[in-house]
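Visitor: Supplied in structure tokens, the structure appears directly below.
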Amino acid sequence: MVGKVCGTGSYVPAHVMSNDDLARIVDTNDEWIRERTGIGRRHIIDGETTSYMAGQAAKKALEQSGIDPEEIDIILLATSSSETVYPCAACEVQKMIGAKHAAGYDLNAACTGFVMAFNAAQAYISAGFCRTVLVIGAESMSNMVDWTDRGTCILFGDGAGAVILRAAEGAPVHMAAHSDGKKGVALTGLSRHRKDWEKEPEDGSVKESFIHMDGQAVFKFAVRKVPEIIEEVLEESGTGLDEIDYFVLHQANRRIIEAVARRLKTDIGKFPMNLEEYANTSAATVPILLDEMNRGGMLKKGQKIMTAGFGAGLTWAASLFEW
Ligand code: ACO
């Protein structure tokens with residue numbers, strides 16, 4: 001048995017922050033941000049929480065799938081920015097959607113979180129442990145960034161995406177996952193949330209900073225490791241590069257995605273992107289993009305999708321599945 005996607009959903013806050021809006025907070029400009037990252041805007045929470053967004057995305061996925069919430073066996077929620085450590089966000093979602101038979105837990109692998117959770121769900125299903133899994137990526141990155149650090153605050157946005165996997169006969173799902181804790185220092189985040197990002201500290205002290213990143217180290221890591229793991233999965237599955245219909249990558253930066261396509265010598269048209277609109281929503285990028293592709297009619301039964309995530313840890317993972 002494999003987990004077939006039978007519903008997708010997403011939620012992004014209505015409140016939009018453009019690059020010009022950011023230029024009023026830090027010394028930056030639209031041209032620099034677009035050229036270096038491809039990002040034009042990001043959606044930022046305005047009263048929403050990570051669990052709320054996750055619940056909304058889950059409701060839309062459920063609605064599309066036609067599955068009764070009581071049929072869900074497990075809720076896996078990838079996040080590194082939940083407003084509560086416990087109850088975990090997955091249990092909050094369980095409550096919101098009435099999935100009373102489900103077990104739920106959160107999983108933190110930063111931007112790789114959704115792909116790690118998707119792989120875990122596939123492993124549960126193929127082992128016969130469960131039939132129906134709700135996999136969610138949800139983040140309030142605006143609570144995590146230092147809004148005075150122009151090197152990082154321009155990169156992130158908030159949102160959530162969800163998929164429902166249902167056990168079915170089908171082509172095997174192939175996957176890989178790696179971590180390199182020794183290089184973790186390249187991208188670190190404190191768990192304390194900051195709500196007052198618009199205010200200056202009264203005592204003029206150094207601002208608390210939540211995400212610290214060596215941008216160039218992360219860039220180099222991503223453009224090396226993502227093609228490597230895609231090739232690893234292709235080889236293990238005996239699939240040719242040309243057989244892949246879409247590469248659904250973590251939406252961190254347009255230049256990273258273009259570099260991956262170049263290294264794989266593959267048509268950039270097979271790498272859909274939506275980061276201009278949403279920026280990097282960490283664990284939520286892949287399911288938000290999948291939902292947009294699904295609802296936009298891009299995905300057809302039998303197509304081969306390669307998804308890959310990469311991020312803090314350092315962590316990276318990939319999954320090859322049939323739609
Ligand atoms: N606006 C204007 N100028 C800026 C900004 C900004 N927002 N940020 C930095 N600069 C300046 C720097 O101060 C520097 O100025 P200097 O030359 O006078 O010293 C100059 O621009 C170049 O800075 P670099 O840091 O070298 O710029 P780079 O080309 O590396 O781009 C970036 C920075 C966009 C962060 C890039 O390194 C990158 O995309 N890295 C990957 C980061 C990433 O995607 N992280 C998330 C992935 S993992 C996850 O999703 C959690």
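Note: Cβ is positioned from N, Cα and C throughout, glycine not excepted.
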Visitor: According to TrEMBL, which listed range is region 'ACP-binding': 146-150, 176-180, 251-255, 301-305?
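Guide: It is 251-255 that TrEMBL describes as region 'ACP-binding'.
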Visitor: Just to verify a number: CA distance, His250 (active site) to Cys111 (active site), in angstrom, no decimals.
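Guide: Cys111 (active site) has its Cα 7 Å from the Cα of His250 (active site).
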Visitor: Helix, strand, coil: count each for the residues of the domain 'Beta-ketoacyl-[acyl-carrier-protein] synthase III C-terminal' (234-323), based on DSSP.
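Guide: Each residue of the domain 'Beta-ketoacyl-[acyl-carrier-protein] synthase III C-terminal' (234-323) counted once, the result is 39 helix, 21 strand, 30 coil.
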Visitor: Around the Cβ of Cys111 (active site), how many other Cβ atoms lie within 10 Å? Please give the count over every shown protein chain.
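Guide: Within a 10 Å radius of the Cβ of Cys111 (active site) lie 32 other Cβ atoms.
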Visitor: Rank the active-site residues His250, Asn280 by how many other Cβ atoms lie within 10 Å of each Cβ and give me the one with the fewest.
Guide: Asn280
Visitor: If you average the pLDDT over the domain 'Beta-ketoacyl-[acyl-carrier-protein] synthase III C-terminal' (234-323), what number do you get?
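Guide: Taking every residue of the domain 'Beta-ketoacyl-[acyl-carrier-protein] synthase III C-terminal' (234-323) together, the mean pLDDT is 98.
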Visitor: At the level of the C-alpha atoms, what whole-angstrom distance separates Cys111 (active site) and Asn280 (active site)?
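Guide: With the alpha carbons as reference points, the distance is 9 Å.
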Visitor: Does DSSP put Cys111 (active site) in a helix, in a strand, or in coil?
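Guide: In the DSSP reduction, Cys111 (active site) maps to helix.
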